[in-house]
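Student: Checked TrEMBL, it gives:
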- CYS116: active site (ACT_SITE)
- HIS256: active site (ACT_SITE)
- ASN286: active site (ACT_SITE)
- 110-188: domain 'Beta-ketoacyl-[acyl-carrier-protein] synthase III N-terminal' (DOMAIN)
- 241-327: domain 'Beta-ketoacyl-[acyl-carrier-protein] synthase III C-terminal' (DOMAIN)
- 257-261: region 'ACP-binding' (REGION)
Amino acid sequence: MEKINAVITGVGGYVPDYILTNDEISRMVDTNDEWIMTRIGVKERHILNEEGLGTSYMARKAVKQLMQRTGSNPDDIDLIVVATTTPDYHFPSTASILCDKLGLKHAFAFDLQAACSGFLYLLETGANFIRSGRYKKIILVGADKMSSMVDYTERATCPIFGDGAAAVMMEPTTEDLGVMDAILRTDGKGLPFLHMKAGGSVCPPSYFTVDNHMHFLYQEGRTVFKYAVSNMSDACAAIAERNHLDKDNIDWIIPHQANLRIIDAVAHRLEVPREKVMVNIEHYGNTSAGTLPLCLWDFEDKLKKGDNLIFTAFGAGFTWGAVYVKWGYDGKKQ
Ligand code: UT7
């Protein structure tokens, strides 16, 4: 029997219309455009500011575009997985809400929580469902409404994050394409440095937790920065080595968009020039699980069949890794 691999066959994306600029942030907290651009690299971020709309609203828009671009019928979708840290509700899953909103009648669905590494974990998870031979069309969504848990009185975190969603279709192939290798890691050592203090089962919501700003994202930025640089670089170097990839045959690095200085450090370690690194942090900020597929959404027209792509990310947990993908088609699907 021919070996089945899993290949990405299309991309869809969505970012909300409202743009929060550095000038506006500078009126909210004591900061300025120059600090944000040099320390983080974000110029603007899109924010879903209409009341009553959550992550599934953006995810639905992204998947609608994906279905249209891939000519897919809702009845043909076997599985939809949503990576998110900002689900519409604690339960049910955001993926289940999407099944209804998209009219998926034959799919099962679940959410995956790996913080900013969510899309990396999705690639390996989706690929293994496809490789089982039982599933033919899988939708993988990275979506986060980070504005729902950012404290806009906290200058060290509020300039970083934005809202957005993007999705890919994954299907079987017998060609030498698709998800070729993955190195995924979780150590659990990141809890003190990156978390939300309340709202979970350890510390349920109360007047005390609300009064004390415990429902916002808490981050010790300097520590997270250090681990992000070393772990993303190590994972990329390891996956490159075991697949005989180097600066000459790597076509694209797709790094998590958390900080331009982290992206530059990873590219430097791999000796890959900046023009081979997908960067859009300037316009979106860190959309958590959204960053990697939003890069694909923006750079799809530059991709060619057979291109060697290395995805890498780092997030709360800590979670991190690198995934090697051989791209499956030329240019942009309209
Ligand atoms: O996606 C999940 C993974 N997350 C990440 O990868 C984020 C990793 N961390 C970072 O990107 C960076 O650590 C930050 C952008 C969060 C912070 O940058 P930094 O260069 O590490 O700054 P710092 O926290 O060491 O602070 C340096 C100084 C401090 O002032 P003092 O104590 O030196 O006087 C801060 O108070 O910069 C100050 N500062 C600011 N100044 C102006 C912090 N935020 C701001 C600000 N504007 N917005």
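Just so it is clear, glycine is given a Cβ too, placed from its N, Cα and C backbone atoms.
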Student: In Å, rounded, how far does the Cα of HIS256 (active site) sit from the Cα of CYS116 (active site)?
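Tutor: With the alpha carbons as reference points, the distance is 7 Å.
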Student: Work out the three-state DSSP category of ASN286 (active site).
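Tutor: Strand, per DSSP.
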Student: Of these active-site residues, CYS116, HIS256, ASN286, which scores lowest on Cβ atoms within 10 Å?
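Tutor: Minimum Cβ neighbour count within 10 Å, taken over the active-site residues CYS116, HIS256, ASN286, occurs at ASN286.
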Student: Can you tell me how far the Cα of ASN286 (active site) sits from the Cα of CYS116 (active site), in Å?
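Tutor: About 9 Å separates the two Cα atoms.
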Student: Quick check: in three-state DSSP terms, what is HIS256 (active site)?
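Tutor: Coil, per DSSP.
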Student: Quick one: what's DSSP say for CYS116 (active site), helix, strand or coil?
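Tutor: In the DSSP reduction, CYS116 (active site) maps to helix.
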